[in-house]
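Features reported for this protein in Swiss-Prot:
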type	residues	note
TOPO_DOM	1-165	topological domain 'Cytoplasmic'
COMPBIAS	110-124	compositional bias 'Basic and acidic residues'
COMPBIAS	135-149	compositional bias 'Basic and acidic residues'
TRANSMEM	166-187	transmembrane segment
TOPO_DOM	188-197	topological domain 'Extracellular'
TRANSMEM	198-218	transmembrane segment
TOPO_DOM	219-243	topological domain 'Cytoplasmic'
TRANSMEM	244-262	transmembrane segment
TOPO_DOM	263-267	topological domain 'Extracellular'
TRANSMEM	268-286	transmembrane segment
TOPO_DOM	287-293	topological domain 'Cytoplasmic'
TRANSMEM	294-317	transmembrane segment
TOPO_DOM	318-340	topological domain 'Extracellular'
TRANSMEM	341-375	transmembrane segment
TRANSMEM	376-400	transmembrane segment
SITE	385	site 'Central gate'
SITE	389	site 'Central gate'
TOPO_DOM	401-686	topological domain 'Cytoplasmic'
REGION	481-601	region 'Cyclic nucleotide-binding domain'
BINDING	541, 544, 557, 558	3',5'-cyclic GMP binding site
BINDING	557, 558	3',5'-cyclic AMP binding site
């Protein structure tokens, strides 16, 4: 069979009939997935092909070899040329089959082999089970990983969440006010039934959407916003609010079909979403710029809701007792004056307001049930309104606290000026300055307000407020960002009134100034003649705080600067600048170079002194500082040495006292020990 290979190198050859011995066995082998006898030795086939290619006389070797073996036996049959194609190109029969059939055959083989092995080896069964378990565990892990997929999450501190809280608060407020009113006033329910049903089911839809929003609302875990869907859902389910939300959406409206449409009280479970309303109020209080006004309006709303509920209960009790049966209940509704829906509600609201505010002036109760209701109303009114009025009082006092504190400062300064006999003109200037601060809301101490913030946030606020202003200064234009941040934190706001001098010619320059708001004038010595007017963003005094060597002006001011009106300035002191520059030596040299260039342009720099190196005055100052520090260290050392000697003397005195006290006791103890030993005499060791 190894030589039964068709030569396909000649294209003109027609398909021959190939004699295959025992074809039934070959077909069975093919069905079982075994190698066909047509391709038992591919290597030999390929070699025979190569030999045929090399020697054309070998083309007839196939027929010759087959005849030499004696020709076909009785079981050999002829196959047509179509089946002979089955082994063309010297490849195995399996390679010509589709890949799906190969996979099926391999699976059948593996299953049959596994069955045979499992029957023989029980250990292999266990191994197989373990493999299956591992596969299941891996699948479960994959499922869990799929479940941990991140979803779109609403940030609870963002605007989207706040806007949704506003949306969910509207149906909650609707249910809290209208459900009880519709349950007590029958005309209100029956006359506008269609509108109420629309509003009811719209609010229910909003409630359902709110439950979905809760499953997409992130929360912080280790400072990071959780975005995994499964965690968000589990967090919501483990919360008490989930149970209340489910209870609030129980379809109690189905009872309408049994009881009728005049029983809206079956929707009282919708009131359980009150937490969303309170959350909205809380977030609004933190977001608004007028928190005290919002708190007062919020308390007024609570008062109105309580009075509204009490009015509805009063009307329902009157309906149960009978309208007009006595003087306490609501009058007879058959009277046209009291039969209108508006009059019913307004009368009940009036009665509720008088009762809960403990004003009285209402008809006295007649029946026992009426007495009980009035007593309960009085107790509720006393408790609730006492707390509400107390809160309103504290809010109003907090609103006036800043004004009271500011007024206390003014009163103290007035007393001081009166005690020191300050002139009336100066007193008026001081009072006007305080009035300017109060009217323009500049009484806030920035350091006091920002001291509770962390350093990073404080720096960011200072950068947002002052950095652009500081960059306008020429010498700070190209400085490092870190140095600018340090300087921004050291800027001090100052307010000057009209006619105040910021600096005068000849003054020692210890600060530089940046104009935030207002106008300053460079004036002559007479204080009237104006040379230049400085406006917002201008600055001056930057050279004096650098203490540049060779400056002809020295460290003194060269002009008179006066405030024309009220002016807001930022001040940077020399000490603060030098403290910041200790960490930035390169920036210090750069600033000095810029200052020298500015002085050279103005002709105020002595180049000989500037290029002379270190100033001897600076060296003398350093030497004097070193001497002072050495003297200080010597005095401290002498003080410590004196303290050590005094402590040593005190310790010696205490030791002598202890010796004097313990000496007689030790002598008596030794005498008592030696006494019996002396009487008994020496002991014979033998």
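Including glycine, each Cβ sits where the backbone N, Cα and C put it.
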Checklist line | Of 166-187, 198-218, 244-262, 294-317, 376-400, whichever stretch has the most CB pairs under 8 A to the transmembrane segment (268-286) | finding: 166-187
Next item on the list: Rounding to the nearest whole angstrom, report the longest C-alpha distance spanning 541, 544, 557, 558, listed for 3',5'-cyclic GMP.
Entry: 10
Margin query: Under 8 angstroms, Cβ to Cβ: which one of 244-262, 294-317, 341-375, 376-400 has the largest number of such pairs with the transmembrane segment (166-187)?
Written below: 294-317
Checklist line | Recorded stretch, among 244-262, 294-317, 341-375, maximising Cβ pairs under 8 Å relative to the transmembrane segment (198-218) | finding: 244-262
Next item on the list: Quick one: among the recorded positions 389, 544, which has the most Cβ atoms sitting within 10 Å of its own Cβ?
Entry: 544
Notebook entry, point to check: Across all chains shown, how many C-beta atoms besides its own are within 10 angstroms of the C-beta of residue 541 (3',5'-cyclic GMP binding site)?
Noted result: 22
Next item on the list: Give the sequence-ordered list of residues that share a chain with residue 557 (3',5'-cyclic GMP binding site), lie 6 or more positions from it, and have CB atoms under 8 Å from its CB.
Entry: 503, 504, 505, 506, 507, 508, 509, 541, 544
Notebook entry, point to check: Looking only at the topological domain 'Cytoplasmic' (401-686), what is the mean pLDDT?
Noted result: 82
Check: What residues in the same chain, six or more past the boundaries of the transmembrane segment (244-262), come closer than 8 Å to it by Cβ-Cβ distance?
Finding: 186, 189-190, 193, 200, 204, 207-208, 210-211, 214, 269-273, 275
Note to self: So if I exclude everything within five residues of the ends of the topological domain 'Extracellular' (188-197), which remaining residues of that chain have a CB under 8 angstroms from its CBs? That is, six or more out.
What the structure shows: 178, 181-182, 261-262, 264, 341
Note to self: Suppose we draw a 10 Å sphere around the Cβ of residue 385 (site 'Central gate'). How many other Cβ atoms does it contain, all chains included?
What the structure shows: 16
Check: What are the DSSP helix, strand and coil residue counts for the topological domain 'Extracellular' (188-197)?
Finding: 9 helix, 0 strand, 1 coil
Margin query: Whole-number answer please: how many Å between the C-alpha atoms of residue 558 (3',5'-cyclic GMP binding site) and residue 389 (site 'Central gate')?
Written below: 62
Next item on the list: Determine which residues of the chain contact the topological domain 'Cytoplasmic' (287-293) at the Cβ level, with the cut-off under 8 Å and only residues 6 or more beyond its ends counted.
Entry: 162, 395-396, 398-399
